[in-house]
Amino acid sequence: MRTAYSVETVRHAEAQLMARLPEGALMQRAAAGLAAACAGLLGRVYGARVVLLVGSGDNGGDALYAGARLARRGAGVVAVPLARDRVHEGGLAALLAAGGRVADDPFEVLASADLVLDGITGIGGRGGLRQDAVPVARAARGSDAVIVAVDLPSGVEADTGQVRGEVLRADATVTFGTYKPGLLIDPAKEYAGTVRLVGIGLEEHLPSVPALEALQHADVARMLPVPAAESDKYRRGVVGVVAGSARYPGAAVLCVAGALRGGAGAVRYVGPAADAVIARFPECLVHAGPPGKAGRVQAWAVGPGLGDDAGVVEEVLASDVPVLIDADGLRLLDAAAVRDRAAPTLLTPHAGEAAALLGVGREEVEASRLDSVRELAARFGATVLLKGSTTLVAAPDAESSPVRVNPMGSSWLATAGSGDVLSGLAGSLLAAGLGARDAGSAAAYLHGLAARHAAAHGTPITALEVAEALPAAWRDVSAA
Ligand SMILES: NC(=O)C1=CN([C@@H]2O[C@H](COP(=O)(O)OP(=O)(O)OC[C@H]3O[C@@H](n4cnc5c(N)ncnc54)[C@H](OP(=O)(O)O)[C@@H]3O)[C@@H](O)[C@H]2O)[C@@H](O)CC1
Ligand SMILES: [K+]
């Protein structure tokens, strides 16, 4: 599991750690890790041309001390201070003592740089880059140099992943002590390149509940249901799928395709597309409806391609088993009925649907995904999976449940019907006994991994191919 902490928490932990260390020791640890990462990227340090973009805070200090270390190994290191009157003095002295210098003309040195260290702002940055930093940042980006962000790409919001102005896009980011939320969430994440975490001893001072967590293979493997010897299909869980309509039978087929590969013992389809479902999947139990008459299930997935049948959404919400609501179901749901439920509810909107549920514009959700998913979870008293380039899953008990961020996205998933597969898959995991946050985040992970499998040859993929690649994703994860 990779975890991220808010700036406030990081600063608190740093203060505790610093109190136990000699002055400046922490910054030296950060600089040592940063210099080592740069050396790795350069291959040969001796003779390399390194430019440091130095802001007025400690982020600039890190860049200067790392630059001093590279200069001692024979690199030509030049500092570009962005606020001449305010620069980390100890860092600058160290750089000069190691043979580095201050640039006369920033644009000239940037034009021939091999590596640029972006030390303009870190966790102390507010808003996008300031006007005076913009031309220098653009010149860096326009050069052939590898850009390495110190702690964070300058200009992103560390706590939210929001981007409100210009950002210096990095090829790699070396972050200290812990990931920051902005390194895991779009749009900020897109500016970070490859992220490397350097330990500085902060870990033991961080609280047990982070702001954010990102699953890895082994985490998902631990969650996935494994049938016991005495299991039968009912004990493994039956998932009820309420999806599709005369107009959209395909949504039912895709949702069932996902559900069949999600670990439930059986899939019960309920609705008007039973013929299409059974023609494709003879192993599926089908029923014309209504859901209450279809037989016992351990979880419902309702919504994809449903059209305007609000009655079935109401009926499913009135049940006492976990319910996943997607697509048309999100448009038709009664908010009070969701809030009043005793069993878990998992809502799976994309940004547009989330915006409608919140009563704001889609852009607003896109720009502040973390706040949006938290707000939805609190408002509906439900677990919310916000789909997107980085899918987020938030539970209503925010204090004890960090938001999960899916690191396994794939841009190939932007294809019709892929959301229907995800709903079926997550519903199946709910029926198999996973909690809503685990079911949502494990489903998003497997779904993204399946898309990567399906697109392995670099060709466009269909939603059904994503469903068909789910066993391969499941195998990968289980082997970890
Ligand atoms: N604490 C520790 O022990 C450790 C900390 N470490 C390092 O310190 C970093 C945090 O340092 P920090 O707190 O000094 O803040 P920092 O990110 O340098 O930025 C603040 C400065 O930037 C300025 N500024 C603000 N916004 C701006 C903008 N949009 N565009 C341009 N400038 C802007 C702002 O100016 P002001 O608003 O005052 O005019 C202020 O002077 C952290 O990320 C890590 O790298 C590591 O060494 C590990 C140990
Ligand atoms: K930076």
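Cβ atoms are placed via backbone N, Cα and C, with glycine included.
Predicted automatically and left uncurated, TrEMBL annotations should be read as such.
In TrEMBL this protein carries:
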type    : residues                                     : note
DOMAIN  : 10-208                                       : domain 'YjeF N-terminal'
BINDING : 58-62, 122-128, D151, A251, G305, H350, D420 : (6S)-NADPHX binding site
BINDING : N59, D118, S154                              : K(+) binding site
DOMAIN  : 216-477                                      : domain 'YjeF C-terminal'
BINDING : K387, G388, S389, T390, T391, G419           : AMP binding site
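A map of TrEMBL features onto the structure.
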{"residue": "D58", "record": "(6S)-NADPHX binding site", "Cβ within 10 Å": "22"}
{"residue": "G61", "record": "(6S)-NADPHX binding site", "Cβ within 10 Å": "26"}
{"residue": "D118", "record": "K(+) binding site", "Cβ within 10 Å": "33"}
{"residue": "I123", "record": "(6S)-NADPHX binding site", "Cβ within 10 Å": "21"}
{"residue": "D151", "record": "(6S)-NADPHX binding site", "Cβ within 10 Å": "28"}
{"residue": "S154", "record": "K(+) binding site", "Cβ within 10 Å": "27"}
{"residue": "H350", "record": "(6S)-NADPHX binding site", "Cβ within 10 Å": "18"}
{"residue": "G388", "record": "AMP binding site", "Cβ within 10 Å": "20"}
{"residue": "S389", "record": "AMP binding site", "Cβ within 10 Å": "18"}
{"residue": "T390", "record": "AMP binding site", "Cβ within 10 Å": "23"}
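Taking a Cβ distance under 6 Å to any atom of ligand 2 as the criterion, the binding-site residues N59, D118, S154, H350, T390, G419 reduce to N59, D118, S154. Only D58 of the binding-site residues listed as D58, K387, T391, G419 bring a Cβ under 6 Å of any atom of ligand 1; the order follows the sequence. Cβ-based neighbour count (10 Å, all protein chains) for G419 (AMP binding site) stands at 25. Annotation: D118 are the binding-site residues among D118, T390, T391 whose CA atoms are within 10 angstroms of the CA of D151 ((6S)-NADPHX binding site). In terms of Cα spacing, the binding-site residues D58, G61, I123, R126, S154, H350 that come within 10 Å of G419 (AMP binding site) are H350.
For the domain 'YjeF N-terminal' (10-208), the mean pLDDT of the prediction comes to 97. In sequence order, H350, L386, L392, N406, G409, L413, A444 are the same-chain residues whose CB sits within 8 A of the CB centroid of K387, G388, S389, T390, T391, G419, the residues recorded for AMP being left out. The binding-site residues recorded for this entry are D118, K387, S389, T390, T391, and the Cα of D118 lies nearest to that of D58 ((6S)-NADPHX binding site).
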